[in-house]
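Asker: Below is a structure I'd like to ask you about.
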Amino acid sequence: MIASTLNWDELLQLPAMIDLATAARALGVGRTKAYELAKSGAFPCPVLRIGTTYRVRTADLLRLVGIERQQHGGEAHAVPTDT
C-alpha cells in the first residue's frame, strides 16, 4: 500500500536532502519500486548513494514536479517551472 502523496505545502517544507522513501511518496511510487528503480539507475530524478542509504536532493525532486524554490527575505516561495 502506498502512503498518500505529499501535498504542495509538505513538498515546500522538505529539508535539502530526503530519503528515497519520502521522494517516492512525493511521486506516488511505492517504496519497493522506488528502491528497484534507484538500484537500476532508473529513478526519475538523481539519487545519491551515501553508504548504505539512498538520498535525493529536494531541489531535484521539486524541479521534476515543476516547482522551483526562490528565496525572498529568508522564505522559500514556489514558482512554477517553465517547460
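Numbering starts at 1 and runs along the chain as displayed.
Here the Cβ of each residue, glycine as well, is placed from N, Cα and C on the backbone.
TrEMBL entries are annotated by machine, without manual review.
Checked TrEMBL, it gives:
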type   : residues : note
DOMAIN : 20-64    : domain 'Helix-turn-helix'
Asker: Can you break down the domain 'Helix-turn-helix' (20-64) into helix, strand and coil residue counts using DSSP?
Answerer: 25 helix, 8 strand, 12 coil
Asker: Kindly state the mean pLDDT of the domain 'Helix-turn-helix' (20-64) in the predicted structure.
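Answerer: The predicted confidence over the domain 'Helix-turn-helix' (20-64), as a mean pLDDT, is 96.
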